Amino acid sequence: MKEAIIEWKDFSFRYETQQEPTLQGIDLTIYKGEKVLIVGPSGSGKSTLGQCLNGIIPNIYKGQTYGEFLIKGQVAFDMSIYDKSHLVSTVLQDTDGQFIGLSVAEDLAFALENDVTALDEMKGRVYKWAEKLDLLPLLDQRPQDLSGGQKQRVSLAGVLIDESPILLFDEPLANLDPKSGQDIIELIDQIHKEEGTTTLIIEHRLEDVLHRPVDRIVLINDGRILFNGSPDQLLATDLLTQNGIREPLYLTTLRQLGVDLVKEEQLANLDNLSISKGQVQLQNELAKETPALQSLFRLEEVSFSYDDRPILKSLHLDIKKGEKIAIVGKNGAGKSTLAKAISSFIQTEGRYLWEKQDIKGDSVAERAERVGYVLQNPNQMISTNMIFDEVALGLRLRGVDEKEIETRVYETLKICGLYEFRNWPISALSFGQKKRVTIASILVLGAEIILLDEPTAGQDQKNYTEIMEFLEELHQKGHTIVMITHDMQLMLDYSDRVLVMVDGELIADTVPASLLSDPELLVKANLKETSIFNLAKKLDVDPLDLTAFYKERREGCKLN
């Protein structure tokens, strides 16, 4: 008989600062040793459920609760945070916010030190988990100096060392390149099997989590559970698309191909589908002529070092007017440093040519009138309280006449679909709307190139689509779009050129479909093929042709 380890019974929760409950009538039992994925759009209540589990609610965020919530048969909110920490361990989305020690070894030992563990036992457990998670060579290093994947392993070791029976992962893939994300999912699965932990994963990237099996998926929206069952059962419904969650790419492609999936019972794993070689025939469409584009911004021999360590190595890059470019590569490849160089945030060696004119001497303000740099988190860019004032800020700092400011701000707000909100406080906006405000604040300065760092990281399908369709509109109006991204599907769907960076060098300049069909290049860049590649192998068709077919269908084109 299965043993219940976590139980919510008709459970509701309302934050002190809100009138309506965030969780409503939750009935959910998690059994010992299960591995459960919790999905839902932004604001659905899934993070609140996790915060109830790990004690952030009610110890940090207060509110009113109704119904029952039990952990191992005990009333959860009656437990001390200390007792709960020995039952539930959490790996946060922001690993840097979780580090305590000055070295990896100190960080791993932190929980044991708090428990006054004997020194010999402490050393033994630190060594055990460092060895298990391949951290032995890193024990003397600062956690902050590690790659994204290494940081995740240190965070995981830091909670595993306490040997809690319940592990909670809060969006573990949000800041990782594709290969590092895959490695973490494999590691979570390995720990789950070897240690027998009860594992809960809160994550938007459903297909990436399903790289390894889960027992159940719980879909939450508007504070209620809409689905609680197996991955195969969920994928057979329309609930994912109805609730703003991206379905696996191979399923989308199969539907485009006209394959009947109604009788398929194991949709969660491509290998288990009954489709076979020769079932689908692709016709190659004649290659479309690409109009010649003019050079807009050219970088020549650009190099940059930090503490005598080369970060950018003699880069050559020609950004042409009207392009949509994705910059990809593993964590630490130099992508963000390149963005800072393009934006004149750092001083580098090399030449910068704007329409063949040397602009290396640009100040940050002058470069911002050519290239607008949009950070991943809009809250880090916003400086004022009101929408109009935020968009007007750059013009006011430049001493522009107030009458002209009003004209230019109103025009930009109309372009960005924000004119009706011009007198609103920014705090009243959604994440996607805030993103528009930050883009408006750079467009108003006249920027031709919009440079975005992870434009959709951590966003559900609704916000993802809203942001990317807005960027498509700006592209249609003549803007050049450059995006740094870890999202291979975003790269495929929304770019026509991809730059691949490895260790500060551009090792490839190609089109998305070609990159995703080149296993050797993907390995070099710590990326991974999309499930279209694996689907192509199963159907015995050319991966490049199938990827091109998907992209054309997505853009509304039909093969002859």
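Numbers run from 1 along the shown chain.
Positions of Cβ are set from backbone N, Cα and C atoms, glycine also.
Here Swiss-Prot flags 6-247 as domain 'ABC transporter 1'. According to Swiss-Prot, the ATP 1 binding site annotation covers Gly40, Pro41, Ser42, Gly43, Ser44, Gly45, Lys46, Ser47, on the basis of sequence analysis. Residues or ranges marked as domain 'ABC transporter 2' in Swiss-Prot (evidence: sequence analysis): 297-528. Here Swiss-Prot flags Gly329, Lys330, Asn331, Gly332, Ala333, Gly334, Lys335, Ser336 as ATP 2 binding site.
Mean model confidence of the domain 'ABC transporter 2' (297-528) amounts to 91 (pLDDT, 0 to 100 scale).
Sequence-distant neighbours of Gly43 (ATP 1 binding site) (same chain, 6+ apart, CB under 8 A from its CB) do not exist here. Within the same chain, the residues at least 6 positions away from Ser336 (ATP 2 binding site) whose Cβ sits under 8 Å from its Cβ are Asp453, Ile484, listed in sequence order. Within the same chain, residues at least 6 positions away in sequence whose Cβ sits under 8 Å from that of Gly334 (ATP 2 binding site) are Ile311, Leu312, Met501, Asp503, Gly504, Glu505. Taking the Cα atom of each, Gly40 (ATP 1 binding site) and Lys330 (ATP 2 binding site) are about 27 angstrom apart.
Under 8 Å, Cβ to Cβ, and six or more positions away along its own chain, Lys46 (ATP 1 binding site) finds Ile38, Val39, Gly40, Ile202, Ile220. Within 8 Å of the Cβ centroid of the ATP 1 site, not counting the listed residues Gly40, Pro41, Ser42, Gly43, Ser44, Gly45, Lys46, Ser47, the chain contributes Thr48, Ile220, Asn221, Asp460. In this structure, the CA atom of Ser47 (ATP 1 binding site) is 28 Å away from the CA atom of Gly332 (ATP 2 binding site).
Gly43 (ATP 1 binding site) falls within neither a helix nor a strand when secondary structure is assigned with DSSP, and so counts as coil. Shown in sequence order, Asp177, Met501 are the same-chain residues outside Gly329, Lys330, Asn331, Gly332, Ala333, Gly334, Lys335, Ser336 whose Cβ sits within 8 Å of the Cβ centre of the ATP 2 site. For the pair Ala333 (ATP 2 binding site) and Ser44 (ATP 1 binding site), the C-alpha distance works out to 34 angstrom.
Cβ neighbour count for Lys335 (ATP 2 binding site): 23 (other Cβ atoms within 10 Å of its Cβ, all protein chains included).
Calculated from their C-alpha atoms, the gap between Gly45 (ATP 1 binding site) and Lys335 (ATP 2 binding site) amounts to 33 Å.
Each residue contributes its Cα atom, and for Lys335 (ATP 2 binding site) and Ser42 (ATP 1 binding site) those atoms are 27 Å apart.
Distance from the CA of Ser42 (ATP 1 binding site) to the CA of Lys330 (ATP 2 binding site) is 26 Å. Around Ser44 (ATP 1 binding site), the C-beta neighbours below 8 angstroms that are at least 6 residues distant in the chain are Ile220, Asn221, Asp222, Gly223, Asn243, Asp460.
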